[in-house]
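Asks: Let me begin by handing over the structure; questions about it come next.
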Amino acid sequence: MLDYLKELNEVQREAVVRTEGPSLVIAGAGSGKTRVLTYRIAHLLKQGARPSNILALTFTNKAAREMKDRIGRVAGENVARYLWMGTFHSIFSRILRAEHETIGYPSNFTIYDSSDSKSLIKTIIKDFQLDDKTYKPNVVASRISMAKNNLITPMAYANSPEIRSADKNMRMPAISEIYKEYAKRCRLSGSMDFDDLLLITNLLFRDHEEILKKYQERFGYVLVDEYQDTNYSQYLIIKKLAAKHNNICVVGDDAQSIYSFRGARIENILNFKNDYPDHRVFKLEQNYRSTQTIVNAANSIIARNKKQIPKNVFSENALGKPIKILSALTDNEEGFLVAQEISQLQLRDHYQFEDFAILYRTNAQSRIFEESLRKRNIPYKIYGGLSFYQRKEIKDLLSYFRMTINPDDNEALKRIINYPARGIGQTTVGKLEVSAVSNETSIWRVLTALPEINHSQVNKGTATKLMGFVALIDRFQKLSQESDAFETAKTIAEQTGILKDLYNDKSPEGLSRHENIQELLNGIQEFSISAKEQGDPDKLENYLEDVALLTDQDNEKDEEKNKVTLMTVHSAKGLEFKNVFIVGMEENLFPSQRQGEKATQESLEEERRLFYVALTRAEENAWLSYANQRYRWGNLDFCTPSRFLEELDERYTEGQVPTGVSGRASAEQSNVSYSSPAQRFAQRQPSSSFKTRESQNILNKKLVSLKESGRAQDTFQGDDPGKIQAGMTVQHQRFGEGKVLKIEGIAPDLKATVFFRTTGQKQLLLKFAKLRIKS
DNA sequence: GCTCAGGGCATTTTT
DNA sequence: TGCCCTGAGC
């Protein structure tokens, strides 16, 4: 037997070696799914399949990269390189760029991220003179996204009575028009949003048989990871691509389908057997990750679900310790208990901090645990929040890159035409945009037609400024042709003045922004170097193709090691930790019920699966914690999982509506402070340095102005700002004594915004103020 | 371009 | 409860 096959159990091995025909691999939690996928590909290669004939689709870059690395180790890196392996979006954008002529897009089309889409939708709503309180950009965006993921084109949307009447019921009959206009403007900007990458691929294959054929023939083997998370659009593409050779292998776990809110269809995996009658099923049922106790508890949660593929996930690991319940009266106490458990375990059983994870349902819940961990000096990291690529300074610079590569990109243009400030105000941009829309073209084209078309519309001074901007971008375009990505990027960062602008800002934020830009440039340098080594194209254009599809989970830093992990259950999927705390069990784990909505059978089952996912992240110990009296389950401390689950099942009755008032009432009676979900949500604060929201920049600007007028300092010294409370008398280096009015955003990295009033002075907003508590 | 007040609002998230 | 956006006013 081949060496690598010895590392597999029997079912895994069968799933690996049965390479021909449709295969469905049901991979229970912790059952070695990645291992099967990678070995299967390695096996295909060993059997003589050409790497360029293998298509392997994943949902995240991280998954793709890990798999590629592992295959490289088994089959050789030179072979792994040529695999068509990547995320749905990256693979299809590659195909769309290759086939750009057929679909009528430039090959260098921009990929709009969600904030670009949202801002475009906002603009359209404004242009249509619709009320943006009725037409909420978020809602409109999700309707459009839903349509695209179900392959409903603007035309089909307009022609569907059901959809139109649903829109009417939501008092948004014009969504159809907005969708149409949105699609049009994307096209005029030479841009696609994330959903377009799938939708247009579908249309390409639907309308151009010869192209479909080409790819069908190319991809002799199609493999899909996390199949339960595919949406309709992805499902159809896969189906089409695999239709010729019929060698399709999908891997997934219906019990871990938790993404229906973003279009994932569990039906895709449940119906696989109907789509491919000659399929074979491989059930990976042995869990190698968790103790028996945890596996059994997790199983019993989803046992009542109707929609599922029957399986029997088991563990031969030790029985393990019972699942522990932490009950607390208040959320503060809950945080305290969790932190206490962690430090005890770390000291007593010599766990590393990285062995712990705290999982919650919503990001807003992280705060209390951050505070309690910080009090004990337990290092931690938070996932979720603003990604590196979403930060203002990064988006700004990337927008220059985008303009350089595709100047029709309106969203990028609007972002940077006056950043750094060059005296082109909103009014001017507005005029340009109106002109672009009425001429059915991009703002850039309007600009470059100056002064012929628009001479009358803007005054001479503005026109000069605009031409200056055009010249700048022109220069960058030439540069990008001649130089590699790094050279171009560096020059752009310098010549636009962005680098200098940030360098001059000595506030901590300015510093960190400057660092971020440096980091981005370093990344581009690495890209250029490795592209040269590999003989790949090394232009800015090529870098930009990748970067739109990257997220910050794609570059984890070493300094992030050995810290307790805080994240939502959703983002914990695919990860494992020795010790897992599932917190906020009292209600926040069940938002479908907390809103007072009736839980549907579907939502109920998904909530169960979510809990299943959470629990199966734990290898050795799991805790469930909750923080008020509303759901006090008697003496459940240190109970057995089954007892807990019985209790839980009572709550999981279909259609159960929470008695929102009773929680509050009982809390009042017992004189315990009750924190409602709304209140907790309200406490949401930017909780780490990675969460610099764009809108926070307004605050930052305020700081800068304060600083420039010599009225604020920028670092804390001495006292832990966490100890600073409203009402306290504090000493400020420059202003002397004053009273703290209000504090916002006490973050683990010791930053706070303090509203500060000194005698006879106006109220001051001090970010990162240098304060000393006066005792 | 800044400040201030008022009102609406508030899951889960990858690409 | 606080965040975030907007619009009025300077």
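Backbone N, Cα and C define each Cβ position, glycine as well.
Copied straight from TrEMBL:
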{"type": "BINDING", "residues": "A:ALA27, A:GLY28, A:ALA29, A:GLY30, A:SER31, A:GLY32, A:LYS33, A:THR34", "note": "ATP binding site"}
{"type": "COMPBIAS", "residues": "A:667-695", "note": "compositional bias 'Polar residues'"}
{"type": "DOMAIN", "residues": "A:6-291", "note": "domain 'UvrD-like helicase ATP-binding'"}
{"type": "DOMAIN", "residues": "A:292-574", "note": "domain 'UvrD-like helicase C-terminal'"}
{"type": "REGION", "residues": "A:655-695", "note": "region 'Disordered'"}
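Describe the structural context of these features.
Replies: Close to A:GLY32 (ATP binding site) in the fold, though at least 6 residues off in sequence, lie A:LEU8, A:ASN9, A:GLN12, A:LEU284, A:TYR288, each with a CB less than 8 Å from its CB.
For the domain 'UvrD-like helicase ATP-binding' (A:6-291), the mean pLDDT of the prediction comes to 92.
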Asks: Within the same chain, and leaving aside A:ALA27, A:GLY28, A:ALA29, A:GLY30, A:SER31, A:GLY32, A:LYS33, A:THR34, name every residue whose CB is within 8 angstroms of the centroid of the CB atoms belonging to the recorded ATP site, in sequence order.
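Replies: The answer, listed by sequence position, is A:ASP253, A:LEU284, A:ASN287, A:TYR288, A:ARG289.
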Asks: Indicate the candidate from A:ALA27, A:ALA29 with the smallest number of other Cβ atoms within 10 Å of its Cβ, considering only these binding-site residues.
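Replies: The binding-site residues A:ALA27, A:ALA29 were compared, and A:ALA29 has the fewest Cβ atoms within 10 Å.
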Asks: Around A:GLY28 (ATP binding site), how many other CB atoms lie within 10 A of its CB?
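Replies: 25, counting other Cβ atoms within 10 Å of A:GLY28 (ATP binding site).
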Asks: Same-chain residues six or more away whose CB lies under 8 A from the CB of A:SER31 (ATP binding site)?
Replies: A:LEU284, A:GLU285, A:GLN286, A:ASN287, A:TYR288, A:VAL313
Asks: Using Cβ-Cβ distances, find the residues under 8 Å from A:THR34 (ATP binding site) that belong to the same chain and are at least 6 apart in sequence, listing them in sequence order.
Replies: A:ALA63, A:GLU66, A:MET67, A:ARG70
Asks: For A:LYS33 (ATP binding site), what residues in its own chain, 6 or more apart in sequence, show a Cβ-Cβ distance under 8 Å?
Replies: A:VAL25, A:ALA27, A:ASP225, A:VAL251, A:ASP253, A:LEU284
Asks: Including all protein chains displayed, how many Cβ atoms other than that of A:GLY30 (ATP binding site) lie within 10 Å of its Cβ?
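Replies: I get 23 for this one.
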